[in-house]
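Listed in Swiss-Prot for this protein:
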type	residues	note
ACT_SITE	His75	active site
ACT_SITE	Asp120	active site
BINDING	Tyr55, Gly57, Gly59, Asp76	Ca(2+) binding site
DISULFID	Cys38-Cys98	disulfide bond
DISULFID	Cys54-Cys145	disulfide bond
DISULFID	Cys56-Cys72	disulfide bond
DISULFID	Cys71-Cys126	disulfide bond
DISULFID	Cys78-Cys119	disulfide bond
DISULFID	Cys87-Cys112	disulfide bond
DISULFID	Cys105-Cys117	disulfide bond
SIGNAL	1-19	signal peptide
Amino acid sequence: MYPAHLLVLLAVCVSLLGAASVPPQPLNLVQFGYLIQCANHGSRATWHYMDYGCYCGAGGSGTPVDDLDRCCKIHDDCYGDAEKKGCSPKMLAYDYYCGENGPYCKNIKKECQRFVCACDVQAAKCFAGAPYNDANWNIDTTKHCQ
């Protein structure tokens with residue numbers, strides 16, 4: 001085997017090892033995004049909520065900076081309660097529909113799906129009812145969220 005072939009083989013192996021450590025994309029975050037769009041009637045893009053305040057986005061700590069951030073903390077706590085029930089809230093898909101008054105869970109028989117859908121619908125409606133303060137997007141969480 002030529003040295004160049006060994007280098008290519010090594011590069012492929014390293015790439016595969018790196019790909020194996022990439023976590024799967026949570027399934028229900030796409031659904032949650034649709035629920036948010038349904039609740040706010042498309043008035044604000046979903047990505048605006050991904051890095052807002054201390055709790056909107058990955059993780060969370062400290063005191064929520066405003067009502068919208070409080071919605072995110074409540075949603076995080078709801079997901080925590082779902083995990084205590086043995087559910088995997090970020091991975092569950094569920095049935096819902098978008099009505100004139102916002103999103104609703106369909107008649108869901110499985111407890112985990114019903115619970116997580118309720119968490120997401122409550123949060124989406126909370127987001128729609130809370131004012132959005134541009135100054136709280138992409139804040140320095142090490143300074144404001146202790």
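Quick reminder: no glycine exception, Cβ is built from N, Cα and C everywhere.
Feature annotations (Swiss-Prot) mapped to structure.
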residue	record	contacts (Cβ under 8 Å, 6+ apart)
Tyr55	Ca(2+) binding site	Pro64, Asp69, Arg70, Cys72, Lys73, His75, Asp76
Gly57	Ca(2+) binding site	Tyr49, Met50, Asp51, Cys72
Cys87	disulfide bond	Glu111, Cys112, Phe115, Val116
Cys105	disulfide bond	Tyr94, Asp95, Tyr96, Arg114, Cys117, Ala118, Val121
Asp120	active site	Asn28, Gln31, Phe32, Leu35, His75, Tyr96, Pro103
Cys126	disulfide bond	Cys71, Ile74, His75
Cys145	disulfide bond	Gly53, Cys54, Gly60, Ser61, Gly62, Thr63, Val65, Ile139
Alpha-carbon spacing, Cys56 (disulfide bond) to Cys119 (disulfide bond), which is rounded to whole Å: 14
Residue among recorded positions Gly59, Cys78, Cys119 with Cα closest to the Cα of Cys38 (disulfide bond): Cys119
Lowest local Cβ density among Cys54, Cys71, Cys72, Cys78, Cys119, which the record lists as disulfide-bonded residues, within 10 Å: Cys78
Rounded inter-Cα distance in Å - Cys119 (disulfide bond), Cys98 (disulfide bond): 15
Rounded distance in angstrom between the Cα atoms of Cys98 (disulfide bond) and Cys78 (disulfide bond): 21
Residue among the disulfide-bonded residues Cys38, Cys98, Cys117 whose Cβ has the most other Cβ atoms within 10 Å: Cys117
Other same-chain residues whose Cβ falls within 8 Å of the Cβ centroid of Tyr55, Gly57, Gly59, Asp76, the recorded Ca(2+) site, in sequence order: Cys54, Cys56, Ala58, Gly60, Cys72, Lys73
Integer Å distance between the CA atoms belonging to Gly59 (Ca(2+) binding site) and Cys78 (disulfide bond): 13
Cβ packing number for Cys112 (disulfide bond), 10 Å threshold: 18
